[in-house]
Each structure stands twice: as structure tokens, then as C-alpha cells.
Amino acid sequence: MRLAYVYSKELCAAADLLPSNRGRSSLIHSLISAYKLLSSDQVVVIKPKPATRQELLAYHDEDFIDALLSADDTSNQALTDEELAEFGLEYDCPLFKGISTYITHVAGASLYAAKALCSQSHGFTAAVCFDGGRHHARKREAYGFCYINDINLSILQLRSSFDRVMYIDLDLHHGDGVESCFKYTDKVLTCSIHRHGPGFFPRSGSADETGKGKGEGYSLNVPLKRGLTDSPFLRIINEIVIPAIRAYRPGALVVQCGVDGLHGDPYKEWNLSINGFSKAVDLIQREATSKNIKTLYLGGGGYESSVVSSCYATILAVLLDTKDLSQAIPEHSRWAQYSKRDYSLGGDEVSGVMLDANTDISEVIDRAVQQMSVWNMDSVMSG
């Protein structure tokens, strides 16, 4: 394993500005540093550059990007009320001071991670950018706490070097912004495992949404109910995700590690453990390694920052095959913020907190397997 870890003080400061995750980036990177995971000889820390306007336009509309770059305060004077509504800059995505710094640094970080995997000279097996993973942002609209879709930008970058890219979304919420970007192509397979139900945000991601045109069949949605626990979650990884990787044979994987489905997250919709989630990542990475598939790991949702940082430190340790990660949070500058976790990394499976409504997921699995069975890979590889 040779892993690129994307980090800089400037990136961390910019990511900390996001209102829905204020200060989260500092907590993540400081805990990873406290565990000395970046001192591994398998890790190369790469310092990203902010994305340029032209790079942002690879996916987003010009008017939208120019609005974000010009509206760098909370006065709203640069944009009319009509423009704020048009670009989704209200409600869950309000303007905030430093917004242009935020979008350029986060998008630039994910792009740098993708470029690291595209570069043959560096020989990276995987890249990690925990500050990325904003999967709801649309072509010309901020949405669901997401102002820029760094995932789409990264996938487009990977497509310059790899014929087929597979996207795996582990967030509580459907990866709608990514699916909508690639639903007309068979060159990007999107696979989203998410909570689904009447009125649940973003009100999309049913198993019937399978792609359109040439992309019919290559949007793979795994809609689930409330209370999901480790056992059915890992069964889905083993019986849907891994077979999809084997059948699709991508040159690169992008894995969105949204952790708002963990026990302890304020959403309180799923009951996944840190160990269960990191086991899913381990299964994906082992499959990728066995097939020489480059893998990009991004962050995502997660609204109790001490839970998020604990999970991301565990994920990085798993990727590096570090087996002696102490359960006791190392004393460091942000140690006090783990008091509600009893200064423990946590990770064990939890039970009895909420009823797992996913008592029988065989139908969900069977439907996904049926969808995969009709893929015409000869056409995909020759197209």
C-alpha cells in the first residue's frame, strides 16, 4: 500500500468554515496526527492547491461558480434574492464568510487526490481526502449542506486516465448529485447504499432509479430502512458491492465515507458501529488491491465531530493495516472534545438502541443482483 493523504493547514482552515461541520476538519486531522498514522512509511502527505475557476467549470455552471466566488461574505449584497434562491444559497446552504475559500480548497483537495492516482510516476494505490465528499451539490445549485460537488470533479479527472470508474456511496443519504451527473453513461457506475423512505432527504434513490439512455442499469441504488446495523450492512457490501466491483471491472474506485449512519450521529437513523463501517472499507480495499484498482476515499456526512474523527482515524488505520490502535484517545490539543466518548475511540457494535427495520434484506440484494446480471460489459469496454 502506498497512500496519498491530502492535507494542508490552509485546507483544514477552509474546511472548518462549513457551517454544518464547523471545526470538524481540525478535529479529524489532529486525531490522526495524535495517533501518528501519518508517520507510516506507506503514507505520503500531499499539499493541495485550491481549484481554479476553470477546474470548477469542468462540472458546474459558470453563473453558479461566479456567484460563489463573488459572494464571500454574509451581507448578501453581491447577489439578489432571486439569485440566492436560484443557486440554492439559503435554508440549509446559506452564504457564509469565506465561502469562496472553502469551495476552492475543498474541490482542489479532492482533485489533487484524483490526480495523484492518475499519475503513474507516484505509484499510489489509494488516496484519502476526508475533507471532500460533498455528494448533494448540483450543477448550478448548492444543496443539502453541499456547495460544490468535488466528487463529480474528481470522477471526471479520473476518467481522463481510467476508462471506467465506480462510485460507492456509504452515506446515510442518497448520493443524488453524483448519480444525476453520470446517469446517462455506462462509463461511471454509481452505487449508493442509503436510508430511504417517504419524505426522507433527498427524496430519491429508489431501486427503480437505474440510470437512463446508455447509462440504463448503471445507477445501482440500495434503499434501506431505519435502524440499520452492522450485520445487514456488511452483507450488502459482500453480496452487492464486491460482486459489482468484480462484474464492472473499473480502473478506479471512489468511495464516499459519509458517516451520518453511525451510532452517535444526531440523525439517529442508523445504528452502525465504527468497527462495522471500517470493516466495510477494509472489504472494499482488499478487493481493490486484489484487482489493482486505484481507490479514492472521500469524507461526507457526519454531524457529531468526535464520532466522525474517531471513525476516520480508524478507517485510515485499517487502510494502513495498523493493528495496534489504542482505544484510549491520545492526549493532544483537542483531547477535551472527546469527553462525551469517555476519551475512547469506541468502535464496538451497539445493540438495543433502535429497532433494525431491515430484518430481511434478501429482496433488496436479489434486486441489485438482477440489475447487475444484465450489464453488457462487452459494450461498456468497447464503447
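Cβ coordinates come from backbone N, Cα and C, glycine included.
Any TrEMBL annotation is an automated prediction that lacks curation.
Keep in mind that what you see is a predicted model, and the values were worked out from it rather than measured.
For the divalent metal cation site that TrEMBL gives as ASP171, HIS173, the extra residue drawn from ASP92, ASP131, ASP230, ASP260 is ASP260.
On the 0 to 100 pLDDT scale, the model's mean across the domain 'Histone deacetylase' (19-318) is 97. Summary of the divalent metal cation site environment: with the site residues ASP171, HIS173, ASP260 set aside, the chain residues having Cβ atoms within 8 Å of the Cβ mean position are LEU172, HIS194, ARG195, GLY258, GLY261, TYR267, GLY300, GLY301, GLY302. ASP92 (substrate binding site) has a Cβ environment of 14 other Cβ atoms inside 10 Å. The substrate site is defined by ASP92, GLY144, TYR303, and by the 8 Å test on Cβ atoms against their centroid, the other residues of the chain that qualify are SER20, HIS136, PHE145, CYS146, PHE201, GLY301. For TYR303 (substrate binding site), applying a Cβ distance below 8 Å and a minimum sequence separation of six or more within one chain yields SER20, ASN21, ASP260, ASP265, PRO266, TYR267.
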